[in-house]
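What Swiss-Prot records for 12, 14, 39, 60, 83, 103 is S-adenosyl-L-methionine binding site, and it gives sequence analysis as the kind of evidence.
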């Protein structure tokens with residue numbers, strides 16, 4: 001298929017067979033598996049996945065590419081035309097669990113991750129391509145310069161590991177950055193107790209909003225300060241003068257629990 005990549009959709013089509021095979025291997029697909037692919041593009045991954053699974057849903061925003069996918073005479077293939085950020089995944093994926101496999105458009109990859117977190121009950125495993133820098137952030141631990149919002153939020157719910165490094169030449173057109181494929185395995189139980197996911201996310205975002213500031217200043221600046229904040233932090237064993245990047249998942253859990261009663 002002759003198709004000119006569209007910059008507005010962040011299209012960099014995967015064309016390296018070894019990378020496709022590596023993604024396929026990481027997915028560990030079984031004949032009964034149901035899979036969601038976001039951004040199938042020219043179909044390099046789609047062609048590899050389709051013969052091996054019970055059902056393959058694909059979400060494609062480019063109607064030209066979507067028409068080509070819809071023209072395939074494949075009962076197992078379900079094509080959803082539209083923006084993955086706007087479509088209702090719960091309505092589309094009615095018989096979970098699914099495996100999510102995608103070469104994500106880099107301009108929306110972080111937004112897609114937040115949507116995945118909101119729909120994590122739908123998925124047992126994710127195998128996702130990211131810009132290398134984003135991949136490093138997702139895998140980073142406390143004390144690392146790459147440790148941040150995505151690290152904390154994803155590691156609460158998933159085991160994450162890098163399975164492939166991918167050079168620009170694996171794509172057409174080649175991006176200006178290197179890429180990484182990560183595998184996320186859903187945990188049976190989160191690593192910490194999260195009573196209110198949205199409030200927990202709010203606290204984590206506030207703590208990292210200004211990385212060079214202390215927790216005391218970051219939380220207050222984000223509207224999460226209250227009388228007695230410092231005492232509450234100290235009682236929880238958290239120095240108010242620390243920075244967010246030094247906190248463990250457990251400490252973020254404590255932080256959310258001690259702040260939330262003041263904002264109910």
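Just so you know, glycine gets a Cβ as well, placed from its N, Cα and C.
Shown here: features listed in Swiss-Prot, placed on the structure.
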residue	record	Cβ contacts under 8 Å, 6 or more apart
14	S-adenosyl-L-methionine binding site	20, 41, 44, 45, 103, 129, 170, 171
39	S-adenosyl-L-methionine binding site	59, 60, 61, 84, 102, 103, 104, 105
83	S-adenosyl-L-methionine binding site	61
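When the Cα positions of 12, 14, 39, 60, 83, 103 are compared pair by pair, the longest gap among these S-adenosyl-L-methionine-binding residues is 20 Å. Set side by side, the binding-site residues 12, 103 differ in how many other CB atoms lie within 10 angstroms of their CB, and the most is found at 103.
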